[in-house]
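Taking it in order: structure first as structure tokens, then the write-up.
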């Protein structure tokens with residue numbers, strides 16, 4: 001009978017207990033409010049709508065990042081595909097031509113996050129999924145329809161509840177150091193078909209009598 005050394009058995013045991021590399025439990029579509037971002041970083045253009053910051057496959061207990069290799073990204077050559085991405089997912093610190101040529105922002109997000117769902121979505125499918133999920137909600141119009149408009153402060157609870165009314169899931173909010181609404185995370189189950197409450201939402205931290213600015 002073949003006997004494995006005790007150390008080998010221990011390594012195999014640990015590997016069996018580890019999560020499958022690249023497996024994910026949910027996906028978070030991270031939308032950014034360009035005005036808030038551009039108050040912290042010099043921008044080349046400032047869209048007047050929410051734009052995609054990323055689509056992040058993740059696990060509740062273990063953060064997934066960089067599940068592939070640095071050279072896993074393929075430059076997107078298709079013109080309509082690039083245009084569609086730029087409208088929804090622009091690189092705010094670069095001119096349009098530079099963004100679409102170098103694709104640094106898209107590359108960075110895909111290498112860091114997209115590779116963590118590559119067993120299910122290839123690169124083309126990943127970016128198309130991000131665009132499709134973004135198009136499910138007109139977040140800016142929805143906020144306006146619920147009384148949240150630019151230039152005013154609102155409690156974190158009001159913004160959270162409004163977004164949940166629209167998406168049917170509790171969001172993950174992030175703010176700048178100046179307490180401006182920056183990111184809105186909308187979470188989906190692993191099939192990307194159903195909105196869920198975001199696990200472990202960080203949300204914005206404010207004093208009880210202060211709100212956050214929607215600039």
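Backbone N, Cα and C define each Cβ position, glycine as well.
The Cβ of residue 53 (active site, proton donor) has 22 neighbouring Cβ atoms from other residues within 10 Å, across all protein chains displayed. The active site, proton donor annotation in Swiss-Prot covers 53.
Cβ neighbours of residue 109 (active site) (same chain, under 8 Å, six or more residues apart in sequence): 53, 54, 55. Marked as active site by Swiss-Prot: 109.
For 113, the entry in Swiss-Prot reads active site, proton acceptor. A simple way to gauge crowding: the CB of residue 113 (active site, proton acceptor) has 24 other CB atoms within 10 angstroms, across all the protein chains here.
For 32, 53, 91, 92, 94, 105, 108, 109, 112, 113, the entry in Swiss-Prot reads RNA binding site, with the evidence type similarity to another entry.
As annotated by Swiss-Prot, disulfide bond applies to 38-43 (among others), with the evidence given as similarity to another entry. Secondary structure from DSSP puts residue 38 (disulfide bond) in a helix. Using a 10 Å Cβ-Cβ cutoff, residue 38 (disulfide bond) registers 18 neighbours.
The annotation disulfide bond is assigned in Swiss-Prot to 67-116 (among others). Around the Cβ of residue 67 (disulfide bond), a 10 Å sphere holds 20 further Cβ atoms from the protein chains shown.
Under DSSP, residue 204 (disulfide bond) is assigned to coil, being neither helix nor strand in the three-state scheme. Under 8 Å, Cβ to Cβ, and six or more positions away along its own chain, residue 204 (disulfide bond) finds 156, 173, 174, 175, 179, 181, 212. The disulfide bond annotation in Swiss-Prot covers 175-204 (among others).
Taken from Swiss-Prot, the feature disulfide bond applies to 187-198 (among others). In the three-state DSSP reading, residue 187 (disulfide bond) counts as strand. The 10 Å shell around the Cβ of residue 187 (disulfide bond) contains 23 further Cβ atoms across the protein chains shown.
For 49 (among others), the entry in Swiss-Prot reads N-linked glycosylation site. Around residue 49 (N-linked glycosylation site), the same-chain residues at least 6 positions away in sequence with a Cβ under 8 Å from its Cβ are 34, 140.
Look at Swiss-Prot and you will find 59 (among others) tagged as N-linked glycosylation site.
Look at Swiss-Prot and you will find 160 (among others) tagged as N-linked glycosylation site. Secondary structure at residue 160 (N-linked glycosylation site), as computed by DSSP, is helix. The local packing around residue 160 (N-linked glycosylation site), expressed as other Cβ atoms within 10 Å of its Cβ over all shown chains, amounts to 20.
The N-linked glycosylation site annotation in Swiss-Prot covers 172 (among others). Counting every protein chain shown, the Cβ of residue 172 (N-linked glycosylation site) has 21 other Cβ atoms within 10 Å.
Under the heading signal peptide, Swiss-Prot lists 1-22, citing similarity to another entry as support.
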| query | In which DSSP state, out of helix, strand and coil, do we find residue 175 (disulfide bond)? | reply | strand
| note | Check: min Cα-Cα distance from residue 94 (RNA binding site) over recorded positions 38, 43, 59, 172, 187 goes to 43
| If one measures from the C-alpha of residue 116 (disulfide bond) to the C-alpha of residue 59 (N-linked glycosylation site), what distance in angstrom results, rounded to a whole number? | 10
| field | Top Cα neighbour of residue 91 (RNA binding site) in the set of recorded positions 38, 113, 198 | value | 38
| query | For the recorded positions 32, 59, which one has the sparsest Cβ surroundings, going by other Cβ atoms within 10 Å? | reply | 59
| note | The recorded positions listed are 43, 160, 172; by CA-CA distance, the one closest to residue 112 (RNA binding site) is 172
